[in-house]
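Here the structure comes first, spelled out in structure tokens, and everything after it is commentary.
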Amino acid sequence: MSAGTFSPAPGRAPMRTIIGKQIRMELLLTARRGEAVVLAMGVPLLVLLGAGLFEVTNLPTDDRLGFVVPGVLALTVMSTAFTGQAITTGYERSYGVLKRLGASPLTRPGLLLAKTAAVLVQIVLQVLVLGAVGFAVGWRPHGDQLLPAIAVTVLAAAGYSGLALLLASVLKPETTTGAATLIYVLMLSVGGIMFAAPDLGTAGWFLLPLAAHAEALRDTLLYDTSVPFAIWLSLGTWAVVFLTAAARNFRWE
Amino acid sequence: MVGGDVAAAVELSDVVVSYGEKTAVGGVSLSMPRGRVLALLGHNGAGKTSLLQVCEGFRRPDAGSARVLGLDPVGDHDELMPRLGIMLQSGGVYPWAAAGEILRLFASFAANPLDTGMLMDRLGLRKVERTRFRRLSGGEQQRLSLAVALVGRPELVFLDEPTAGMDTEARHTTWQLIEELRADGVSVLLTTHLLDEAERLADDVVIMKSGKIAATGTPASLTAAAGIDLLEVRADPGLDLLTLPFPAKEASPGEYSITGALDTRALADVLGWFAATGAHVTAVSSRRRTLEDVYLSLTSDLVGASQ
């Protein structure tokens, strides 16, 4: 070896490159984990086709797909932004991956941005696939309220992400996995996906963000009406509270 | 620019690190110049890793201050990180990612990365390039961590137990690499509990005990300060050793061994004593203390406590 191979020449690559490469790695690793793919696509597809096409549950409307598909989309956003992200981040911390990344030119905002972007990319792909499958089996949504539908989805994803990163920061990874899975199952059953959510009035929207999100998607895509103010407030509160808490408590180690 | 080229690689003053009631580092000051290899030597629990955590900015010292390349490791984290190469004690890699993918990811974070293929060849990682991290052996994981630490062409590297879990061959490869780093002007701070590692690699050794610095110096000065601790003298058999003011014994007839901290004056006294008895001295040999002897004598009561 010639002398000077290791002569110092430190420096940070352009932030856009760094974040881009990190997003790519996050997506690659998610695609590689079988249980993550099942959680992300298998469960929602099963619920969509099962509850959407067969009379397995009583629904408050005759348009089964019109009720179920928005619910499944909301469920998918939760499973990716909350359940998947909480579990992944919890284990990354316990493996020391976050610490290792913290000791690199990737900054903390850079990592959080990459994680958020990776989650958004996944959500877009999932929504496209689920929407296409729904459409293929007869789902016919209204398109006039698409913008508010997208906006509540982004708000919901932000709140879920915040809660996921918060849990992963304060709990042990095993506890995080348990809690995230429990919340997922709980939301799947009472969150208004396959059945109507328990009628808790406006309070229910603050307690069950999934039900609020699903309701907002039905209002826009099924009934072609605007999103109730209480839902905006609920999802907005979730997003602000949990993102702030996550940013305050985020730990590399 | 804060911290020009004149700033020391690492400058610690009265650093204290506590975990609740327990004090891991109890007031450590040290200055590590650029371009040198410094070894932090000590038992598990001596405070080496805690000190390193402070240098890497993962922990703010509970008291005292730390400057790395003239910067504050916590406050100037983002400015400092691209200039450092950090090898953690274990893990730190996505278990599902292949060795090559990990190295290329970290290379892509750097402005002027080393050639990842060259680095993999140098560290014997080429054959596991496509192997996922969790399938690598302990030694391969360590070598990958070292590669990740070096790939950004840092000015200063922190290596926490760099050769732990490596076989003899990998250990020697790593030692050669660290010597090459030093030759190329990279500053290296490493922790180890291997004395031969410290003796071979380090310009400066800092021996830590119970969170404090027990001794510091070059390997040569540390052993020289301790002087000669064993003198073997061949002379007439059956001399009466009671009047010799040092612990001594006649190992076999005419073969005397004298132990203790034998500085120059003590040596003169010993040989003077032989002269005074009228004995014929036919051979004298001395043994100097090794770094291991120094280390053991400095850290021995911790050994006693932990057993």
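Including glycine, each Cβ sits where the backbone N, Cα and C put it.
What TrEMBL lists as transmembrane segment is A:34-54, A:66-91, A:112-137, A:149-171, A:183-207, A:227-247. The feature domain 'ABC-2 type transporter transmembrane' is assigned by TrEMBL to A:47-221.
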Is it the case that the transmembrane segment (A:183-207) and the transmembrane segment (A:66-91) touch, counting contact as three or more CB pairs under 8 Å in which the residues of each pair are 6 or more positions apart? yes
Beyond the flanks of the transmembrane segment (A:66-91) by at least 6 residues, Cβ under 8 Å: 29-30, 36, 39-40, 43-44, 47-48, 51-52, 59-60, 98, 115, 119, 122-123, 126-127, 130-131, 134, 139-141, 153, 156-158, 160-161, 163-165, 167-168, 171-173, 176-177, 179-181, 183-184, 187-188, 191-194, 209-210, 213-214, 217-218, 221-222
If we skip the immediate neighbours and take only residues 6+ beyond the ends of the transmembrane segment (A:149-171), which ones have a Cβ under 8 Å from one of its Cβ atoms? 73-74, 77-78, 80-83, 85-86, 89-90, 92-93, 112, 115-116, 119-120, 123, 127, 179-180, 209, 212-213, 216-217, 220-221, 227, 231-232, 235-236, 238-239, 241-246, 249-251
Counting only residues 6 or more past its boundaries, what in the same chain has a CB within less than 8 Å of a CB in the transmembrane segment (A:112-137)? 19, 22-23, 26-27, 30, 40-41, 44-45, 48-49, 52-53, 65, 69, 72-73, 76-77, 80-81, 84-85, 89, 106, 153, 157, 161, 165, 247, 250
Positions whose Cβ lies under 8 angstroms from the transmembrane segment (A:34-54), at least six residues beyond its ends: 64-65, 68-69, 71-73, 75-76, 79-80, 83-84, 88, 122, 126, 129-130, 133-134, 137, 139, 188, 193-194
